[in-house]
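Record features, source Swiss-Prot:
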ACT_SITE  Y101  active site, proton donor
BINDING   R154, D267, N415  NAD(+) binding site
ACT_SITE  K172  active site, proton acceptor
BINDING   E243, D244, D267  divalent metal cation binding site
SITE      D267  site 'Important for activity'
Amino acid sequence: MNNDKRPLYIPYAGPALLATPLLNKGSAFSGEERSSFNLEGLLPETTETIQEQVERAYQQYKSFESDMDKHIYLRNIQDTNETLYYRLVQNHISEMMPIIYTPTVGAACENFSNIYRRGRGLFISYPNRDRIDDLLNNAANHNVKVIVVTDGERILGLGDQGIGGMGIPIGKLSLYTACGGISPAYTLPIVLDVGTNNPQRLADPMYMGWRHPRITGPDYDAFVEEFIQAVQRRWPDALIQFEDFAQKNAMPLLERYKDRICCFNDDIQGTAAVTVGSLLAACKAAGTKLSDQRITFLGAGSAGCGIAEAIIAQMVSEGISDEKARSQVYMVDRWGLLQEGMPNLLDFQQRLVQKFDNTKKWENEGNGFSLLDVMHNAKPTILIGVSGAPGLFSEEVIKEMHKHCKRPIVFPLSNPTSRVEATPNDIIRWTNGEALVATGSPFEPVVHEGRSYPIAQCNNSYIFPGIGLGVLAVNAKRVTDEMLMESSRALATCSPLAINGNGALLPPLEEIHLVSKKIAFAVAKKAIEQGVALEITDEALNDAIDQAFWQPVYRRYKRTAF
């Protein structure tokens, strides 16, 4: 924690101190500090508390009308005074999370070069591939423990944004701190600039990235490998989160590195963990098990297949065979249901094809099986959307599902809001209020026939901050599948619906600190059990989590000589 009563000794003074976001207090510098650090005359006379600063900042925030302007304003505070930024965000977490992350961050990525004001993190470009060690040494933060890295090729549902993708690592790490208590001094956002194939970015005179078609194949793999090795040399214990890599790279990179370094892919594993946790809560509330369900996915990319594999693992842990579990999962992409013998499937898709014996008696029109065909024949109880294609959960599809399932569970998870497969309002209306809905982006509660239905945001921010906190608390050397499974189970125990039989599927964001600590404990405990972290007692583990949990409060400063 940073509520340490001991003073912090600072070598900076004057404008240099005010220009250091991690240390700047602005108007909250005391009279003694202003004198010691040559700040007199550089600040207004009044010394304020952080709460007074928050009140002014919130008034200014409310004066902006558009979400983009609010995003830019918050980023400006972050780049000026990080302690104030995180206190403001924590005080208004439900209101501001959609601004600092999805859905607003999508537009911020698309307009990154146009709204750019100040650098944050590292931009590691392919032309500098022989100097990555030097670039890492230039990072503003020296004791880095968590890195979020992207190559900008698959930003949310928006595709290739080049270096504009940097908005995602910045936003994700903001949530590591705001939700998971990881000190911003330990975080580093990175974009690997390997070019872009987005013609709009290449033609934009404002675009600030490397103007070159994307590097691919062996050259790309060698570049990523050199980056990983350089990080290992500089920060050998750092957790690396891969973020928004394209499908063709996301799973291969995860498979290549997950047993070599401490890393995970949030799009694949984090999304899977929060989805499984939400489904476990829904099943508990309904008095059933996940292994009793039939599950259809729309979207068979790395994210969808990652969720499916996590669901299958949970089903198997409940006592059914792997083969039986796979027979209850139906993957649908643009070509229809994935079936054995289909050409051009990727390795991770091959493991999820339906066998002919399971579908030979199905009814359909034309070749293959559409989503509607699957609804009619498989009679799923759960429908999950990770397609990035808006509107594909049509009224006909949802009503067909509802025919065979009184309480359908429908998760349209695609981000941002413009890409959602169906709106909660439509799903609730089409099922006469009987569907249980969770989404990837935030939605207001739905009012149907006089009743209000809370819509859970099945957001990775419920999971990855706790994973990071747990890894840091015990200095875990790997992030294993079992650790991720424990994060899902811990999240499910926090569900108001599962606990009380009513309320929201997931806890309110105002309780995210408690959720993150609970997940951190479960993740760290499993890491110890699996031998990827040193063994400590439960009491010592709780203490380690509390000690690692950073709070946005100002510490006293004392000046030290250079």
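The count begins at 1 with the first shown residue.
Using N, Cα and C of the backbone, Cβ positions are placed for all residues, glycine too.
Positions of the features from Swiss-Prot, shown on the structure.
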residue: Y101; record: active site, proton donor; Cβ neighbours (10 Å): 28
residue: R154; record: NAD(+) binding site; Cβ neighbours (10 Å): 26
residue: K172; record: active site, proton acceptor; Cβ neighbours (10 Å): 27
residue: E243; record: divalent metal cation binding site; Cβ neighbours (10 Å): 28
residue: D244; record: divalent metal cation binding site; Cβ neighbours (10 Å): 25
residue: D267; record: NAD(+) binding site; Cβ neighbours (10 Å): 27
residue: N415; record: NAD(+) binding site; Cβ neighbours (10 Å): 24
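In this structure the residues listed as binding NAD(+) are R154, D267, N415; their two most distant Cα atoms lie 12 Å apart. Cα-Cα distances to R154 (NAD(+) binding site) place D244 within 10 Å, out of the recorded positions Y101, K172, D244. Other than the site residues E243, D244, D267, same-chain residues with C-beta atoms no more than 8 angstroms from the centre of those residues' C-beta atoms, the divalent metal cation site, are T150, R154, I155, I168, F242, F245, A250, N265, D266. Spacing of D267 (NAD(+) binding site) relative to D244 (divalent metal cation binding site) is 7 Å (Cα to Cα, whole number).
Taking the centroid of the Cβ atoms of R154, D267, N415 as the NAD(+) site, the other same-chain residues with Cβ within 8 Å of it are I155, L156, G157, D244, A303, G388.
Restricting the recorded positions K172, E243, D244 to those with a CA within 10 Å of the CA of Y101 (active site, proton donor) leaves K172, listed by sequence position. DSSP gives D267 (NAD(+) binding site) a helix state.
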